[in-house]
Structures are given as structure tokens and as C-alpha cells.
Amino acid sequence: MSPAGCSHVNSFKVENWKQNLRVIYQCFVWSGTPETRKRKAKSCICHMCGAHLNRLHSCLYCVFFGCFTKKHIHEHAKNKRHNLAIDLLYGGIYCFMCQDYIYDKDMEQVAKEEQRKAWKLQVFSPALVSPYQYTMTGVGEKYSTWEPTKRELELLQHNPKRRKITTNCTIGLRGLINLGNTCFMNCIVQALTHTPLLRDFFLSDRHKCEMQSPNSCLVCEMSTLFQEFYSGHRSPHIPYRLLHLVWTHARHLAGYEQQDAHEFLIAALDVLHRHCKGDDNGKKANNPNHCNCIIDQIFTGGLQSDVTCQVCHGVSTTIDPFWDISLDLPGSSTPFWPLSPGSDAGVVNGESHVSGTTTLTDCLRRFTRPEHLGSSAKIKCSGCHSYQESTKQLTMKKLPIVACFHLKRFEHSAKLRRKITTYVSFPLELDMTPFMASSKESRMNGQYQQPSDSLHNDNKYSLFAVVNHQGTLESGHYTSFIRQHKDQWFKCDDAIITKASIKDVLDSEGYLLFYHKQFLEYE
């Protein structure tokens, strides 16, 4: 939003402009009574395409509603030279000359007054309002969630024929047609569409497309995809537009040959991140990628690297953003740890097998343990001012809301190409506290103690999706397990969705593991 104000509002501020603006806020934005809500639901459709969504805006000069996403309100502004419009969801004023939402003290005062009037007509409970809602009103005020009146409750009871969201509801479960070796894409789409915060973002129509051609925007297509998944339809969806856009924006994935699901995940997040730039709310980002787009809010964490000089023990620290954590496995050519007694390793038909039990926690311990860099990798120490041997240790500086663990099952080198089939046991609930940089610093200072419940909870995760690969490096197939509601699991094999048990999930090989934070704090 432009902080300096806008001179173009003067053309609107003519006789009775405040009254006209009040009518728009009362009838089509804040809607404080059942009558105005009915009027808004009936009247607020795009006058060009008839859509209810797509960020409807109302012209301030005439009676016209148009889609912001599809640029219909832009066409009206250009043809009629009506340069101001109001966002019917949040109440912000947009200037087509400035190409930005603008601030005007007088207009904001009208908006606040009409919003307060609307509150008085509703049952308002501050406890029901989340800080997230507080940041999205557009005028810096809170608003309440809908509370049905006694009459509305009676109407709901007398009209039972409606779709109910229950614990056994299958809304959100939908197969995907394999378009020719596209199982790598289908399994990632299943994981993303069942990521709770990502689902809430797209189903609330929060994306603000700023691309010249929305048809080339991957975020717009993902928004459509979420609408398809949660529409209640059960027939398999054909993701041909998604595949086309992926090929367009990630050329290395184009073609019908087999691709890697992990590579697709990172490419998809990268393109979504780039196409989400218009969704940044302008607030200071609280993640290492310094971006407030929905992708970085959910998936970005901070990895701390501490390099310690072996002579002066000086520490050089860097923090890098990450979207996933790639973990080495026993049986790879990368040194891991001595095999436990009774374990054995071998290679059969190009696949590496290791007997014995390895856990996800073991892999994380290995990932965060100090590593001696050796004489061939000396670095210049800022304390000694000379090249010295050092040790390097990785820890988690900031955890993402969704943590994705990539088990490195495919090994490619000049001499070797193989798949590692080592079984890795992974839990339904994961505590990342031992792998935090703060835990390491406490131990080094001799102050380590059992973390408090609140700190402990901040680092707790629950499993919600697993991607698996069956077959060999040369020929294989991807499937996924996804969690629906609290404890229902389903196996997604392209177009086929079947119910699965928790045992099925935990006994699977595991290639990509998706965990969601159990407790979230609004920032």
C-alpha cells in the first residue's frame, strides 16, 4: 500500500462522496446485518464473468463489480477512466493510476466508522478473533468470525440436506491421472494439497496474481487445483495444465521420462515462491529467506553452520535458508557410522541393503554431529588470520512450520549408480529439540537443562505425508500416504485412493517425510 497518499482520490471527493462510500461499505464490505449479507451474496458477482471469487472489487464511480485476479475490474477502469475501486473482502482502496492500494486519511476514517457500526450489529467475541485475521482486514482493525443466530440455527436444523464436514468426510481425497511417467508429480501434489496451512491459504482465495498473463502463473493453477480437490468430486483429476506449467517454468523436468519426486518438490516450491511475490503483505519477514510469501512462511527454515578453528577455537557462524533436509543413509558411499553388532551390508542387483534398524533420529544425529574437515579443506580463520584445520557442525537455527526430510536413497557418482533400500524407522511424532542450535549452545555453556513445556512444544511435529518409491533406480513408481483429519491415512497411487493403516505408513520404505508443527504461534 502506498504510504504517501494519492492525488487521484480528489476526482472522487466531490459532493456526497462520503455518503456514497458509506453505502458501499455498509452493503458490500462490512455487511453487519442478515439483510446486507444476503444482498452482498446475491449482488457481488463479476459483471463480466459472473464469478463470486477472484478478489472482487467495486468501482467507486459507478455500479460495477469486477474480478481483480482476471483483470476485469482493470478493463472497466481503462475503458471508463474510473481509476478507483474498493476490495470487497478487505475494504482497501486501489488506484489504477498508481497501480497500488492507496492510503487516504478521510477514506480510512469512513471505513473504520462503518466497520464499528457493523460490529455493533453482530455478536462479537474477541476470543474468537485470531491475530492472523487482525493483519488481514486492510484497515488495521479486528473482525469477528460468523456466529449463527438462533433463527439461522433453526434454518440449518430444518435443512439437513447439505454437505457436512465430519471426521469421516472424504472431501480433499481425489486421485490424479498419470499422464505418462508423472507419478513423481502426483505424489507431491497429494502432499501439498494436504498441507493444512497451504490448503487454508488457497481455499480462502488469498493469492494476488501480478503476472501479465495469469494463465502462466503456477500459483493460480495451484489455487484451481485446491478448488478441484476440495469440491467434493470423486472422479480422478487430470492435471494437464499443472504439468504444462511445470514444463514451462522448470525446463529440466520437461518430457515424459521418469523424474525424481524430490527434484520436482524443490522445483515446484521455487516456482511457487517466485510467482507468489504479489502475496507479500509488506511485513518484515521472520524467516532466513527474508520473504513473506506463503511458501516461505510454511516451508522455510534456517540451518546454522558453525565452523570451529582447531587452533584458536574461534567459531564462524552462517545461517542459510532451507526448504528440506537431505539425510544420508547407511549403505551409501558417504561415511555414516560403524554398523551395529549383527548388522551386515551388501549390494544386490544394483541396490544397497543394510540389515539392522536405523531411525530418522539416527539420521538427524548424524546430520548434526561435528565433522572434521581435514587438512585438504583448510579454511582461513578470522582469529588466526591463517589457513587452519577446522570442524563443522550443522544445527537448526529456525524450524519451518512444515519440515520435509529427504532420505537420500538414490546415489549417483562417476563409478556408481544405485538405490539404497535401507529401512529407516520414522515416528508419527517427532521432537526436534535435540537438534536445535539453542540446545547446542546451552550444552556448550554448561547450562543445559530439560526444556520447558512451551519450548518443548514449539519443536514438536506430527507426520502428515510420506512419499515412497518402489522399484529400482532405472525403473520405479512413486506413491504417497497422506493423513486426512487427525488419524485417518490413505494411500494415493495416481488415480487410485485406498484406506491405509498407520502400520502400513510406518512400515513403508520412506523417501520424503512431511512433518507439520503441532503448535503454531502467530507472528
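One is the number of the first residue shown, and numbering goes on along the chain from there.
Positions of Cβ are set from backbone N, Cα and C atoms, glycine also.
The zinc finger annotation in Swiss-Prot covers 4-121. Per Swiss-Prot, the feature Zn(2+) 1 binding site maps to C6, H8, C95, C98. Annotation comment: Swiss-Prot describes C59, C62, H76, H82 as Zn(2+) 3 binding site, evidence class sequence analysis. Among the features that Swiss-Prot reports, active site, nucleophile is placed at C183. The feature active site, proton acceptor is assigned by Swiss-Prot to H477.
For H8 (Zn(2+) 1 binding site), the spatially nearest entry among the recorded positions C59, C62, H76, H477 is C59, judged by CA separation. Apart from the site residues C59, C62, H76, H82, the chain places the Cβ of L60, Y61, F64, G66, I73, A77, K80, A85 no farther than 8 Å from the centroid of the site's Cβ atoms, the recorded Zn(2+) 3 location. H82 (Zn(2+) 3 binding site) sits 55 Å from the residue listed as 'active site, proton acceptor', counting Cα to Cα. Listed recorded positions: C59, C183; maximum Cβ neighbour count within 10 Å falls on C183.
Sorting each residue of the zinc finger (4-121) by its DSSP state yields 53 helix, 17 strand, 48 coil. A separation of roughly 51 Å, to the nearest angstrom, links the Cα atoms of C98 (Zn(2+) 1 binding site) and the residue listed as 'active site, proton acceptor'. In the shown protein chains, 15 other C-beta atoms lie within 10 A of the C-beta of H8 (Zn(2+) 1 binding site). Within 10 Å of the residue listed as 'active site, proton acceptor', judged by CA to CA distance, lies none of the binding-site residues C6, C59, C62, H76, C95. Nearest in space to C62 (Zn(2+) 3 binding site), taking C-alpha to C-alpha distance over the recorded positions C6, C95, C183, is C95. C6 (Zn(2+) 1 binding site) is 51 Å away from C183 (active site, nucleophile) when you measure Cα to Cα.
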